[in-house]
């Protein structure tokens, strides 16, 4: 499979970087399922560079926050979901070079392939230029996300938030069990079952890795817990029948009583 030159030109413009060695970009876009030099080594390099650049940016932006907050914010910015979003901003999928199997199964849209390609492009830019140029490019890609990110509980992953919620109430931790694995080794899908005593339902979730499936399951449980808590609030707020009867505004007047009062006045 070859890249459409027009798509490649559009991608270069969106990336904001013109390669001195265009073949580096082609390699960064080549999945290992395709023939020829693929992007895994570039991905390894780009992953490390991205982590460093984002860590430094957060270190400078939040001078009073501790290592825990900085780590959670960095994880939020460099996680697969975020990188896949960046890739979609560039319409990266239309430029990926995939093998026949990946092409047929819709690899252009697969989150894991998109995130790997972004990291590979970062590695390619570094080799084609230098760390300062690479840093400036990464910061331009993540500018909006760096502006809005804040330290706090929202940066914790779903499994951590669920664990802290349960521990704070002395409830046993959930159990995660892989109940199915499908696909080839390079393109697997994991199905995880999660149970916790805090809800009656058994949650089933899927992901391209065991970790992602477990995180998705934890997120679903958190959503169910929040839903139950909202319903409990509604029940507490809604006035009962007895409360309405006790309220003078809802009490019917007694005609005979009114007559007695009238005659007394006379």
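Keep in mind that glycine also has a Cβ here, set from the backbone N, Cα and C atoms.
Record note: Swiss-Prot gives 116, 119 as Mg(2+)-binding, and the candidate from 43, 56, 177, 189 in that site is 43. Per-residue confidence over the domain 'RNase III' (8-130) averages 93 (mean pLDDT, predicted model). Report note: the Mg(2+) site is defined by 43, 116, 119, and the residues of the same chain whose CB lies within 8 Å of the CB centroid of those residues, excluding them, are 39, 40, 42, 44, 46, 47, 115, 117, 118, 120, 123. Between the C-alpha atoms of residue 116 (Mg(2+) binding site) and residue 47 (active site), the distance comes to 9 Å.
Each of the binding-site residues 43, 116 was scored by other CB atoms within 10 A of its CB, and the lowest score goes to 43.
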